[in-house]
Every structure is written in structure tokens, then in C-alpha cells.
Amino acid sequence: MVEKSDVRVVRCGGSKINLRPPIISTDSRFVLCASGDSVKVYSTRTEEWLHSLQGHTNQVTGIALNPANHLQVYSCSADGTVKLWDFIDGILIKTFIIGYRLFAIYVSEKHDGISLFTNILPENSDKCFQLVAVHLPKSAEQEVEAKELSAVSSRISPNPSCTAFGREGQYIAFARHLQLNVYFFRKQKTYSFSLKATDKKGAKNAFTCIACHPADDCIATGHEDGKIRLWRNFIHTKEYTYSTQHWHHNAVNTLCFTPEGTNLLSGGIESVLVQWQYGAGNRKEFLPRLGGSILHVSTSSDGQLFCTSHSDNKITVIESSFKVCGVIQGLVKGDAVFTDLMIDPRSKALVLNGKPGHLQFYSLLRDKHLYNLDIVQQEYIYEAGLDQFEVVKAAFDIKGYWLATVEERGQKSSDLEFVLKLWAYDERTQSFVLNTTITAAHTDRIISMCFSSSEETTMLVTTAEDGQFKAWCQGADDQSFWSCDFVGSYHNLTPTNCSFSADSSLLAVSFQEVITIWSPDTWELLTTLCQPPGVVRDLCFGQLSCSKYLIATTTRNLLCCWNLLTCALEWSTSVEVSKLQPDPLSENVAAFSYQSKHTDLFVFKPNEPRPLFTHKNVCSEKIHRAVFVPREELLNNCDESSQWLNRSQLYFLTQNMDLLTFSTATEEDRMLSSSKRLVIDDSIAVTPFYLLLGKHRQQQQKLNTPSHPALLHTPAHVLPAASVLCSMFVSSLLISNTGVREMESSEQEMNSEKEEEHSEEEMEACDSQQELRAQGSVDEVTPKLSKAQERELKRVRKTDFSWMAGLIDSKP
Amino acid sequence: MASFKPTKVQFLPKLGEKVTEETLYWKNYKSPVQIKEFGAITKIDFSPLPPHNYAVTASTRIHIYGPHSQEPIRSFTRFRDTAYGGRFRGDGKLLVAGSEEGLIRLFDISGRVALRQFKGHSKAVHMTSFLSDGFRVVSGSDDLSCRVWDVPSAVELSSLTEHTDYIRALAPSKLNPDLFVTGSYDHTVKVFDMRSGSSVMTMQHGHPVECVLLYPSEALLVSTGGRYVKVWDLLKGGQELVSLKNHHKTVTCACLSSVGNKLLTGSLDRHVKVYNSSYKVVHNFDCDASILSMAIAPDDEALAVGMTNGVLSVRHRRHQKDKEMLTSRRRRGPSYQVFVKGKNFVPRQDDFLVSKPVKQYLRKYDKQLKSFEVSKALDTALQTWTRTSKPDVTVVVIIELNRRGTLKNALAGRNEESLTKILNFLLKHIFDPRFSRPLLMVGDIVLDLYQQVFHQSPVVERLLQRLMEVLGREAELQQELLQVLGILDTLFTSLTPRKEALAAPPVAQESQLQAA
């Protein structure tokens, strides 16, 4: 299709940064983390995102510093390659193609050559991960195929923190379920130790993570029930010992020894970072309430900084004195996003579920997390399986002055608790302040809610499973608080969706198959619309010139459009629509349709049943959340297919929690041009001295490359004596006539001041210049030379190397 | 690192109580000052001049009190019989009063002896007043006549005998010196014009009129009598605007607040009611005895209420300053010795300020919750003081424990004493709609936990039996209420116009058709 080439689906920011442990660079200045299909580099001091290393074509699944060069980093990806980067400049140095999907990377400095150990998933066996040693061949080429694989173990845990290198790379320890294996490289043998599944007290002994002491023969293992075991003497299969320590009440997610091995850091779901003193029994320190549960801990090589990554897509940088000194926050993605994607009308930030019990504001423009708004305002208890309050619904009014939220608890049990809260925007503090809390807004779960769209009066409508919809108004008898204004129901059916028309003169509430139209002024039931079979799934009014249309989708694959002036069905088509999203700034409506395992997008105007734009196979998952984001500056695409993106941009969230968007050709052009402009800006800052030097070098390279090989490849017996050649060779390295000539024109201005000072030298050089001009210099300018150049020039001119030209000409 | 978020005690409004600006305004009075007079207080009048002294007519005396004095600053005692209706002139310098014997006396505020005496009424004069020009006095008497007197010459100018019963209410117009309104026990309110020498308007109140009152604009007239308060629109020729029946005994007095012209009425049922501009009761003052008279000072600074038992109760307005003083006294700083060091130190410009982390002060139960001591936290919340005076705090802790999934642990392993505490708390509050949900849960858990051991303690067993009885009664009540609700619903549906009901079926049919 033509449209496809013009409008592309683009992944936009906000990818996971907590998939694998972050790395701190040796100088403690940078934090690197795998994020989507790139590696992101952050500054530890300012917490700012510096740049990303892009090049992988699939999820980056592991990163490790190059032990041979601390300015380089290895990254492995599910696309089957390992790449070596210079992470300070963001340059790809090498690519090793391995050919299997890689899931983790472990590097040891003590192994000869460069060996990587990677978890791989061979294609033939599913769900079985192998630990493989890879020898990376030394080669000058950019892309190298690494075929030298040797399997260490064919069945290991898919969790990459269950594998670790031991002291000085002598052994590697890996655990799976209830078995701890230690592979000694020297003996080429695997010792395994196993625990019972449960003991009398019902402990769950499965391994969850492993860390090896850097200087001692000791392996620390974390277990599912929160125990930490320290294994010693495992060189002998029979005489091993272990000691147990228990503080965590739930699974230990990560363990890490400090570089000197004096302390052991552990973290789990409690979100408390625990520092155990090695060898001091039970002495420990705590750093509580860090945010989401701790997934990974890593330390810098000097032990001054710790880095924890959390389940709420966050990296915390902690000093060794247990003080938090930086937080790098990505787009928080909980287990699921319950709220719709929303746009804060004031800041134009994307608003959705954030940390548990919070709403997050995320700037899409800068791909940066702005802030979290605490909705639940309760201490969060980090405990697995605990039923917590979660924000399930949220809505903004049209001016961004009011925010309504619903928090819910007890989705699993029958005892449902929910609270409706209304927040007012406070100009002074620039954030939302709780205005009204309604504890028993309905007798059952709230299904949907929306604000009226008129500017004068704000009204909130909620629909609930108790068969009623309620309208809430501010200040029926008191000006500052919200209270119920109207309770409506229709034949005791369950209302599902509600929507206000563009001017708020009509309210549409769908009751299963029936759509009822109410007048919010008088609360009179105006009319009912119905198009059976199928329960109404989504409902929206047309905008602007199409505001007389009402569009609804049903569960029986029907997309209907009613004309509200005639109260008749205008048109309907058979499309399975999973999400209907109207654009508030134009007439367009976007419909995501899920059919035969992939999602298609249709954009249409309500007044005609023909789509303006279709995009087949947007992604392979069902899409339930989408939002139109108003653009900062309007695009002017003349192309019909991309015109719908002129005013606003469509973002959508897949079930894998990837935030995607559509980008147009013009937009990309604009971005490209802006990046080009940046390059030019860079060169302006460079000193004239650098310009001079830089050009010298370029030209030397250009000139020398042909002459030197010619000189070197000529058989020795043909060449004149070395003593003759030497001076000539050296002088040819210095500078050549042609080079100087090109130089002169460009450096004319720079040398103009020096002109007067070196007048007598110029006189000497005069004839040479004339000769040069005679040779066919194109430009009219009088070339001027610096003192040194002139001197060189003179010397060069003395030697005669006409024979050389002959040589060069004859050779190729 | 976020700090511990303390448990939030939610303020839950009680049913049927609405807090509005008006109630806040009227609540903002100090507790009343009580002054004992010799007999029933029939009239209170505030002087129009600052400092707004007020004249209290009781028994055979008229006392004048200063705004904050509890002792009379002046008193007029030269009455042979009961004095009635002491009222100030517009400039606050003269005072006129009637009496049981029919004499009307005129006093200078600074003097003691009556300046003038107006003789002519044959029976008691209950109401006297200056007309707005200040040179004439009008009086209403039990001899059915209403007379106008000239102050300089002390002669009767005219006598109006249109009422057929005692005249007990009188209100001169402030805008027109020739107009005044009278109310009589013959159930009528009459507006007299001295220029025509007769009544120009007559309203039927329907009950003996106790008090009449003109709004400052003089477009509205208020009359009270019987249990009714009626408001008349004079500009529409005396049309009844509204009739209020909020007291359950005779309404004896009414006055208007000077801020916003809110109507206040006092009644023999011992209540003073305050109405808003749409004549809804917004506030209520309770008094100890039947109210006979009432007056409110300019700017609503004080409300004086006179009662049948001779007690004058004066409420003064509470000012922001007083409040601040109260709070500032309470929030005194820490002790001098420990904390005063460097208190007044002003940092210089290039000083590096090291901010001290603000310590978070937590309640005791919060501290215990922070360290996951659930049982102790519940104990703290169930302390006698908390559970009696702040049951909401106790309930909030219970809710918090339930949210953390540790309510069962907290309730387990208790002895008889603490179990009695919990059960008593349940008995007291389980019907409060604000608390019933979490408390029912507590009851369930207690039953589950201690099922086996209840019979060991007679005290606990008795409490449980009581709880069961009370719950049974409550369930019955709820059922009855639901039945009533059902009856009401059917009544309402039969009453509503059938238009909507008709509107729905065609659509339903239509949908059936379409389905078919």
C-alpha cells in the first residue's frame, strides 16, 4: 500500500529499563542499562539520559563491561548478536554474530582471550536454556561470526541472576529449581548440590539468585522464602557446608557482593535494600521504601556506588553510605494499565497508572517522567499477594482543572472497596489537590466515567454495575465540594459507557444493547437508539462539524453511526473494533480492529462510511488503550493519507505495554534536518587551530594512501639506495605540493595578518607561487603560506622526484 | 526514599448535618453571658450609636447595659408598675417606655427622672416608639387605641382606634416619619399613615400578632403570631410572600441581622431560629427558658435574648483575634533552656545552609504500624480515651490493619479483658453507618477465632448474646425500612406523569422487531 510507506509505526520511548541489572562505569560517571533494543547511557550525577547505543534489532538482553577495556561494553540481544561498543562516544566497534537467541551475558576477565558466557535458547528445544561459552575471535573486521561455542550446561534456569562467575573466574555457579551447580573450569567438572523442596516448616527452598564472593570461596544464594544461604567448601561434593540467614519475608530477588567482598547486598519484594556484613553473622543495615520491589542490585568497581533497579521501571543510585543520590525513572508500567491513556490538558503530558496507587505524568516530547501524583495516599505494603488499592479509572475535565479518580481494592475477593476522588488543580503549588472523597459513590463497581465537555459548568457522570448512572456537580448547596446531582437508570440494565456530546448538550449512556440519550440540563430521557444484537462496547460523539453523529461499537463486530438529528442509523459496517478513539481537534475517529491475530487501524470521519486511512497489521496484539495527543506545532502534510496526523498524534499501548505511535514522512524529514543542523552547530565551536590541523590530517591521509603502498610494494632491487629514498620518503610524509595548493585558498583569511610580517620570505616564495598558478590552479586568489609551510615547500622543491611520478603511474 | 505515610483519619460527615457558610457564621458566637433580672424580660433594644448599649425592660425597671458589662451602667427605676417596651430614639439620646398603668415616660439617657410623661391611655401600654423624625412618639395600648404624641409639648396629636383587640406590636417606618405598622391580638396587621390619619393597609395574620418588623428597604414586612411567621410584600399591596412554621410554640419576637438581613425569630419553645434569604432555617440557638424578647446588635456583634424567668443571655461574636490567641497559647514553643540556642541567628549572605531533615512526628499507632506491630497498634487504638472520644480513629486503624491483611493476626491471642473491650466497642458502634462495614468484619473474625473458648468466660458470652440480639433487631429494622421504601417507590411511580413510561415501550418494541 502507498500509505504504508508514508506513515510508519514507531516505538516511542518509555521502554523497560529494569529488565537486566544496570552497570556503573569504572569511573562511576555513567550508568548503562538495557532498554528495549538499545542500551541507554545515563549520568549518575545529573540522572539525565545522555545517549543510547542503537544497533540491535531485538530486545537487548544483557550488558557487561569489557574486562580488557573499561571504556567498552558488550551487549547481547535476542537477535543473536553480541556487540561491542565504546559507550562514551556511542560508537559500535564490533558485532559478533552467534546465531541463537541470547538471553544473558557473563564475562570473566581471567579467561584467556575473550570469552563470553551466554544463556541461549536453541531453536529446536523450547523452554530449555543453555549456558554456553563463546570464544570471540580476534579479527579486524566489523562483523565477525563467532562459531566457537562450547556448552557448559544444557539445562539452566531462565532467570539470568541464577548464574554467576566465582572467584577470579575459576568456576561458574548456576542454579535451577532446587539444585546448585558449580562448574570448575580447571577440572572441567560440575559439582551439584540439591536441597529438599520443603522442610517441616514449609519453607520454599527454590533458588532465586546467586552471587559469588570476589575473593573467597563462598557462594551466596537467595531463596524463594527469603532465606540467604552462604555455601562454603563446595570444592568437595560431600563436605560442603552452608549457613542460613533470614530477614526477607519473601523471595530474595537479587544478591550482590561489594567489590572487596566486605558486604553482601540483597533486595526483594519488600523494597528494602539490606546490606549484610560478610563474616559478621547477622549484622546488617537497611534502606527502606525505595519504591517498587528491587529486581537487581549492582555495584561500581570501586564500591562507592550501588545501583538498584526496581519493578516500577526505576534505577536508584545509592552511595555506599546508604544515601540515595539519584533516581532514574522510566515510564512506569505496572502489571497492567487500568486507566485509559489520558492527556493532561495543561502540561500535555501522558497520564496513566504509575507506581502502585499513583498516577504518573510522562512528557512524551522529552521522553521523561515528570512526576507521580499520589492518589491512594496510604503506606504501600510490599507483600506478594496482598490486595492493594489501585487506581482503576481517571478522567480530566476539558480545561485540566479537575481530575476524577477511582481507586479500587478487592478485585479478587468478593469484598469490593472503592473510592471516588475529585482533585482540583492548585495554581500555586502547580499540582492537584484533593477536593472531595466519595466513599460510597455507587453500590457496585464503577465501570466508566466522563466529564462534560463544556467550558462553563463541569459535571462528572459515572456508570456502575449497580444499574445506575450518577451525575456529580460541584456545589449543589456548597460551592467547593462535589455532590450527586442526578441518579438515572434504564429498565434496571447495567450501564456500560457514557459520553458527552461536543457542546455538552447531550449525554449518551449505553445500557447493554440500548443507547439512551439524555439532556443534562433537565435530565430528561430524550431518545433511545438500538442496533441489536451485541452489547455496546464503545461509544463516542463526533467532533466539530460531525457533532451530530454518534458512533458506537458492539461486541458483535458492528460499527454503527447514528445521526442525532434524525435519530436514525446513518451507516453501519461489520468490523471488530477493540478501541474507538475520537480526535478532539478534528472530526477524525480512529478505530483499532483486531482480526486474525493482528491489529488494523482505520481512521474515518463519521459523516461517511469510507475510511480516510487504513494501516494493516499495526501490531500483533490487541489494542485497548489509545490516545490522540495534540501537536505542539501543526504539520502541514498535503498527502491525503497522512493529513489526519496534522493536528494530533496517535499513541497506543499494546498488551506488552509498549507505547507506539505513528510518524509521518514529513515529521521524520524535519527530525533529520534538525539533527543535521546540530552537526553544523558542532563545528562552529571548533577553534581555527583545530581546523588547520584537521585539514592537514585529512589531506595527508588522502595523499599518502596511494603513494605509500606503491613505494612499499615495489620490489627492493628496483628501488634506488635507501639513503636516497629516505629523505624523499620522509618529505613525502610531511606535505606535498598539491596539498599545499588546496590549503592556501582556504587559509587565505587566516594568514592575512601575517602577510606583512613575512614580506621578505614572500618575495622568495613568489616564483613558486607563480609556477603553481601556471600549473593550472583554478582560483584567482593569491595563495599565501605560513612560514613553516613555505620552508617545507622550499625543501620539497629542491628534491627532484619526477622518477617517482613515473613509478606511481606505472604501478596501478 | 519516600517517608512513611501515616494512616489518614477520614472525616466522615454525620448524616443530616450540613455545614454551610451560614451555619459557620452563626456558630461563631461565644457561649452566652447570663444576667439575672427581676422579672420576665419583655423588651430589649440596642442603641443605634456606638458603643451600642442596650436597654433591657424587665419588671418595673429599665436597665442599660454596656456592650461588655455585666452590671447595668444606668437604670431607670421610677416606675410604679411594670414597665414595657423601652426604646431608644434614632440618635440614642432619648428613651421612651410604656407601663402597666398606661403612662408613657420619656427619659434622657444621662438623667434619671422622666423628662416627659404622656397621659391618655386607659390601659397598659405595651409598645412605644419614636417616629423617625424624632419629635413624635407612637404608642400601642391594651385600650385598643394607638396614639401619637408630640415630644416637645407632650400633647396627644392623634388617636387611632381601628384595632379591635390589644395592640402588642409596633414598628415605625424609618424612611417615612408618618408611617408605622401595628399588630394586634385581633389577628390583623395594619399600616397607618399619619397624613391620612387612618390605616392604609390591613393584613390578616390569622393569629394574635406578637411582633411586627420592617425590612430596611421597607418593602417587606414580617409579622409573628401563633406558631407562624409571615412575610408580606408591601409593594404588592400586602400580599403574603411566605408563611413559616418552624417553631412549635408561639413566636414572640423577631429581629433582623444587620449583615445580610437574615431573619431571626425567638419563640416560647426556647429556640431562636435563623433563616437564610430563602427562608430556610440555617441555624438554631437553644435557650433555657421561653423567649420573650430578642435583639441583635449592629454588625451582629452581640445577640441578646430575654426570657420569661428573667434571665438575659447575651452572646458575643467570636473574633479571629480571639481564636488566634487561643491557638497561640496552646502552641507554645519548646522549653527555653533546650531550644533557644541560636534561635534568633540570621545567616549571612554567603553562609552555606545545611538543612536539618524535618523529623516526622507519628502517632503511637502509626509508629507501631510502621514497625509492623499489629497487635500493639490495635491495642493503642482501643485505649479508653481513643475509643470513647474518637471512635473514628479506632475504626481507621482497624481498616488499615485489614488493608494490610493482618487484622486476623491483630485480633488473635487476646485475653478476656481486651476481648471485652473489643466487643463493647462493637456493641456501641456497629450500627453507625460510617463504621458498620469494618466492624461487622471484626465481629466475624472474632467469632471465627474464639469459637471454641467463648463458653469459658461468662462475661464474653453475655456480651456476645447482647450483640446477637442487637444485630437481630437492627436487621428487622432494616427490613421494615426496605418495605417502606418499596411502598414509597410504587407510590411515586404511580404519581409521576406517564409520559416517560410511554416513551420507553415503543423503543423496546422497535428493538424486538429489529431483533426479529
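Quick reminder: no glycine exception, Cβ is built from N, Cα and C everywhere.
Over the domain 'U3 small nucleolar RNA-associated protein 15 C-terminal' (B:345-491), the average per-residue pLDDT in this prediction is 89. Per TrEMBL, domain 'U3 small nucleolar RNA-associated protein 15 C-terminal' is recorded for B:345-491.
Helix, strand and coil counts from DSSP across the repeat 'WD' (B:118-159) read 0 helix, 23 strand, 19 coil. Per TrEMBL, the feature repeat 'WD' maps to B:118-159 (among others).
Taken from TrEMBL, the feature repeat 'WD' applies to B:160-202 (among others). Away from its own ends, the repeat 'WD' (B:160-202) comes close to residues 85, 90, 126-133, 136, 138-142, 144-148, 208-214, 216, 218, 221, 223, 225, 232, 234, 237-238 of its chain (Cβ-Cβ under 8 Å, at least six residues beyond either end).
Among residues of the same chain six or more beyond the repeat 'WD' (B:244-276), those with a C-beta under 8 A of the stretch's C-beta atoms are 22, 26, 210-211, 213, 215-216, 222, 224-231, 282-296, 298-300, 303, 305, 308. Residues or ranges marked as repeat 'WD' by TrEMBL: B:244-276 (among others).
According to DSSP, the repeat 'WD' (B:244-276) comprises 0 helix, 17 strand, 16 coil.
When DSSP labels each residue, the domain 'U3 small nucleolar RNA-associated protein 15 C-terminal' (B:345-491) comes out as 105 helix, 0 strand, 42 coil, counted as helix, strand and coil in that order.
Residue counts for the repeat 'WD' (B:160-202) by DSSP state, with H, G and I taken as helix and E and B as strand, are 0 helix, 24 strand, 19 coil.
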